[in-house]
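Read through the structure below, which is laid out as structure tokens, and then see the notes.
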Amino acid sequence: MPQLRSATSTTGRNMAGARALWRATGMGSEDFGKPIVAIANSFTQFVPGHVHLKNMGELVASAVQEAGGVAKEFNTIAVDDGIAMGHDGMLYSLPSRDIIADSVEYMVNAHCADALVCISNCDKITPGMLMAALRLNIPVVFVSGGPMESGEGVEGVVEHRVDLVDAMSLAVDESVTDAQLAQIEENACPTCGSCSGMFTANSMNCLTEALGLSLPGNGTTLATHVNRKRLFLEAGRRAVESAKKYYEQDDESVLPRSIATKAAFENAMALDIAMGGSTNTVLHILAAAQEAEVDFNLSDIDALSRQVPCLAKVAPNSTTFHIEHVHRAGGIPAILGELRRGGLLNEDVHTVHSQTMGEWLDEWDIRSGKASDAAKEFFLAAPGGVRTTQAFSQANEYEDHDVDAAGGCIRSVEHAYTKEGGLCVLFGNIAEDGAVIKTAGIDPELFHFTGRAFVVESQDEAVHEILSKNVKEGDIVVIAYEGPKGGPGMQEMLYPTSYLKGLGLGKKCALITDGRFSGGTSGLSIGHISPEAAAGGAVGLVQHGDEIEIDVENRVLRVNVDDAELARRRQEKGDAPWKPTKPRERRVSKALKAYASMVTSADKGAVRVVED
């Protein structure tokens, strides 16, 4: 029978000092021997997805205490990728994922906590906490802050619901007046919560449901809706319940590595492919799998992408649907249910709330014919339509669900947008270890695209060339030296893609990079090219004017230059680490240099390699 980890500091004469300190935090003699549940919060006033989380730790703590545990809250950092976008602040975004993972590990292990509740939400926070949870392998429940509501369109400019990406792309549209742009800016992000499309934050929070580590509705229940409160309370109760099962009954099925098995990772990636999630999820899922010691790699993702169809197109892949519409259509259980009916789901995996995925979907998939009344009511939660930074501030409901499997937000396998899914992996002579593209954001006529290489060596240079209108129809912008090591930090390229879209080149050009893309990216954008240029990857050999071929259907990304010429170029570069040909105006701190010295390319999840 496993002993409470916290017993290390709460039992024995030699721990009198530690107990004295515990007492100073509010614990009493009656608390020693109860499971200590660490609550990893990520409240910050910098990030709309986290601005409402200040009191959420106390809410979870109340449920922990009521269930017989002892709650101890701490905080992690949280970077807003949108605010950090387009300048050197983005160098810190991906590295912050590892800082978050380490900080959770440090706090939990230093204080010998028995279980963990992760209160996450935005882009790097959920992945960082996920990596930590799988590294620690103690009972854990995830609960995120929830998605933002989408914004009202602007008459005469955009008739559809708007979000952050609309504000970015329309900023370079010369037909949009300053007054109209100001109105779009006002409307784009109306409430607290993670940005309203199927961007990275919402994608990752949805994937925690499929992994089995969060509760039904975690990925889609709006931050503003009162229904979200029950998720926080239930997370606290479940954490104590799991802790008691493990420490009192020796039930290892509640541990995160018992839940997030290879089959669970396959489910999560199948969901991601079906819903056309952010390409960043590939990076984070690969990193999480390594922490879980699960053999799951790009080849597995490639195989899944050939089997799993695209069942949903949510912003930025569509102007019709946002996360609130996914919720109305039944949320993640509905997408998983469609995969289940298509024979594309592992039903026997465990979750933190149900014995199996199959049992969970029986109750929560509103399209199954077996769903409970509580589940049906839960998925009627609607936006409030009022600007606010307050959680649980409204209780609006839709009149009915969207269960249109042919033309609604979530389609059936029979009515899929495409036979193959919304994400896929490309290989070729400039991506020997792979590259990732979000096909859900591309018109099928662009699945085969050949163009001229327009080579730049930084995101800043790409933005300058695009806004200077030097990039023309038929060009493929190649941004090298922006990978995990070369950036360092593997910047997101939302501004270049948004500007191409705003200038009317979104369907006439392509962009490829060893960097990555925001979850808000759509269009012919290929990222995560591995190996990266700074690691000697052939993307660093591409020259201006080279012909590049993109063949999505055959999973090919190549430069049409013969092997002998590529070998000559490689020899010319020499054996020293490759760097941009001209200096970049970029201050790289010691912290970033330390990150660059340890980080791997994207095909490995951009994890750090540390010698044992």
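Glycine is treated like the rest: Cβ placed from N, Cα and C.
Listed features, source Swiss-Prot:
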type: BINDING; residues: ASP81, ASP123, LYS124, GLU492; note: Mg(2+) binding site
type: BINDING; residues: CYS122, CYS195; note: [2Fe-2S] cluster binding site
type: MOD_RES; residues: LYS124; note: N6-carboxylysine
type: ACT_SITE; residues: SER518; note: active site, proton acceptor
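Annotated features, which come from Swiss-Prot, shown on the structure.
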residue	record	Cβ neighbours (10 Å)
ASP81	Mg(2+) binding site	29
CYS122	[2Fe-2S] cluster binding site	28
ASP123	Mg(2+) binding site	34
LYS124	Mg(2+) binding site	29
CYS195	[2Fe-2S] cluster binding site	31
GLU492	Mg(2+) binding site	32
SER518	active site, proton acceptor	30
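Excluding ASP81, ASP123, LYS124, GLU492 themselves, the residues of that chain whose CB lies within 8 A of the CB mean position for the Mg(2+) site are, in sequence, VAL79, ALA84, MET90, SER93, LEU94, CYS122, THR200, ALA201, ASN280, SER518, GLY519.
Within 10 Å of GLU492 (Mg(2+) binding site), counting CA to CA, the recorded positions CYS122, CYS195, SER518 contribute SER518.
Between the C-alpha atoms of LYS124 (Mg(2+) binding site) and SER518 (active site, proton acceptor), the distance comes to 12 Å. Rounded to a whole value, the Cα-Cα separation of ASP123 (Mg(2+) binding site) and SER518 (active site, proton acceptor) is 9 Å. Listed in sequence order, the binding-site residues from ASP81, CYS122, CYS195 having a Cα within 10 Å of the Cα of the residue listed as 'active site, proton acceptor' are ASP81.
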